[in-house]
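Colleague: Quick paste of what Swiss-Prot says about this protein:
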- CYS98-CYS179: disulfide bond (DISULFID)
- ASN3: N-linked glycosylation site (CARBOHYD)
- ASN10: N-linked glycosylation site (CARBOHYD)
- 1-28: topological domain 'Extracellular' (TOPO_DOM)
- 52-61: topological domain 'Cytoplasmic' (TOPO_DOM)
- 84-99: topological domain 'Extracellular' (TOPO_DOM)
- 122-144: topological domain 'Cytoplasmic' (TOPO_DOM)
- 169-193: topological domain 'Extracellular' (TOPO_DOM)
- 216-266: topological domain 'Cytoplasmic' (TOPO_DOM)
- 289-296: topological domain 'Extracellular' (TOPO_DOM)
- 320-393: topological domain 'Cytoplasmic' (TOPO_DOM)
- 29-51: transmembrane segment (TRANSMEM)
- 62-83: transmembrane segment (TRANSMEM)
- 100-121: transmembrane segment (TRANSMEM)
- 145-168: transmembrane segment (TRANSMEM)
- 194-215: transmembrane segment (TRANSMEM)
- 267-288: transmembrane segment (TRANSMEM)
- 297-319: transmembrane segment (TRANSMEM)
Amino acid sequence: MENDTVSEMNQTELQPQAAVALEYQVVTILLVVIICGLGIVGNIMVVLVVMRTKHMRTPTNCYLVSLAVADLMVLVAAGLPNITDSIYGSWVYGYVGCLCITYLQYLGINASSCSITAFTIERYIAICHPIKAQFLCTFSRAKKIIIFVWAFTSIYCMLWFFLLDLNISTYKNAVVVSCGYKISRNYYSPIYLMDFGVFYVVPMILATVLYGFIARILFLNPIPSDPKENSKMWKNDSIHQNKNLNLNATNRCFNSTVSSRKQVTKMLAVVVILFALLWMPYRTLVVVNSFLSSPFQENWFLLFCRICIYLNSAINPVIYNLMSQKFRAAFRKLCNCKQKPTEKAANYSVALNYSVIKESDRFSTELEDITVTDTYVSTTKVSFDDTCLASEN
């Protein structure tokens with residue numbers, strides 16, 4: 001979501017210092033290389049998996065690709081330059097690099113924030129308004145929204161081209177070059193505060209409210225409430241399965257439903273909580289420094305704040321993608337990992353409006369893959385292996 005802080009932090013690091021402790025340099029380089037390296041690989045895999053696998057091109061995955069690209073920008077533009085900063089103690093990318101790298105930092109963070117907001121709204125519509133979702137949550141609409149998100153953030157972040165410049169400080173034994181600002185802190189502080197509100201506070205409030213509605217649906221609506229829908233699903237089940245249902249299997253299915261829905265809700269809570277916590281130190285620092293005459297610039301705390309941001313960008317593939325069976329299978333296929341032969345994949349998946357729809361339908365989302373045992377069990381359906389499955393062969 002944001003890097004208003006990242007740019008300021010890079011400037012903070014480059015403030016005149018007699019020397020940077022060797023242990024600080026080593027820790028910085030080690031952490032940045034590991035976290036950013038793994039994050040870059042993970043986000044690239046997300047993009048490749050969705051682009052190369054036809055059945056993965058869903059509206060939800062479209063937002064995940066946008067988020068992965070934004071996280072790549074954050075990791076590359078905001079993370080990797082810290083290595084050269086730690087080694088040389090000075091800005092080595094020149095004036096053009098100062099403009100472009102800072103621009104990409106802000107673009108990646110703000111686009112990440114907007115992508116998460118768009119994804120949150122899409123999840124809310126898909127789960128809480130499944131009828132509307134069939135024409136609102138489409139692949140073509142998702143692409144248009146993403147184009148708008150990137151166009152908006154690209155234009156918005158251009159203001160930094162007019163605020164940045166190289167600052168040169170001369171000392172006895174060295175000349176330190178920093179990527180800084182042309183204007184006083186009193187002028188750019190309002191910009192940071194605006195970014196804090198637009199790209200952090202508002203998305204977090206919106207996510208909290210919408211995920212609250214999602215949790216209410218998942219917890220308080222364990223079975224379909226429409227008798228006609230129940231009757232229709234029962235008739236469809238009777239064609240393909242035994243008419244005599246076992247009560248024990250029904251209980252197992254119900255327990256599986258409750259457990260699955262709790263798991264989904266936990267995942268949604270983790271998404272919100274991690275995003276809020278990992279961005280909070282950096283955002284809080286920016287807000288506090290905006291009101292201080294002399295900004296707080298302790299190196300180790302600044303490093304902690306940056307590492308939190310890099311972790312947020314690196315961990316997103318784990319949170320959003322590795323909880324999906326389809327993504328795991330696509331990852332293994334991409335890595336050419338050998339898999340045991342399995343039964344043919346089901347041709348149908350269960351939507352959260354308790355109706356069965358084809359996977360090729362435009363309203364196909366990844367959350368349904370996560371909750372494959374979550375919605376259809378209310379009809380006491382028994383699969384061929386005596387477990388609760390939400391698909392038909």
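Cβ from N, Cα, C; glycine included.
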Colleague: Excluding near sequence neighbours, so keeping only residues 6 or more apart in the same chain, what lies with its CB under 8 A of CYS98 (disulfide bond)?
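Modeller: The list for CYS98 (disulfide bond) reads TRP91, LEU164, ASP165, LEU166, CYS179, given in order along the sequence.
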Colleague: What does DSSP give as the helix, strand and coil breakdown of the topological domain 'Cytoplasmic' (122-144)?
Modeller: 20 helix, 0 strand, 3 coil
Colleague: Does the transmembrane segment (29-51) make contact with the transmembrane segment (194-215) through 3 or more Cβ pairs under 8 Å, each pair 6 or more apart in sequence?
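Modeller: Since fewer than 3 Cβ pairs under 8 Å link them, the transmembrane segment (29-51) and the transmembrane segment (194-215) do not come into contact.
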Colleague: Would you list the DSSP helix, strand and coil counts for the residues of the topological domain 'Extracellular' (84-99)?
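Modeller: With helix first, then strand, then coil, the topological domain 'Extracellular' (84-99) has 11 helix, 0 strand, 5 coil.
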Colleague: Go through the chain and flag residues at least 6 beyond the ends of the transmembrane segment (194-215) whose CB is under 8 A from any CB in it; none is fine as an answer.
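Modeller: For the transmembrane segment (194-215), the sequence-distant neighbours (Cβ-Cβ under 8 Å, at least 6 residues beyond its ends) are 1-2, 4, 109-110, 113-114, 116-117, 120-121, 123-124, 127-128, 265, 268-269, 271-272, 275-276, 279, 283, 286-287.
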Colleague: Which residue counts does DSSP yield for the topological domain 'Extracellular' (169-193) in the helix, strand and coil classes, in that order?
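Modeller: Counting residues by DSSP class gives 9 helix, 9 strand, 7 coil.
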Colleague: Report the mean pLDDT of the predicted model across the topological domain 'Extracellular' (289-296), rounded to a whole number.
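Modeller: PLDDT averaged over the stretch: 82.
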Colleague: Just give the helix, strand and coil counts over the topological domain 'Cytoplasmic' (52-61), going by DSSP.
Modeller: 7 helix, 0 strand, 3 coil
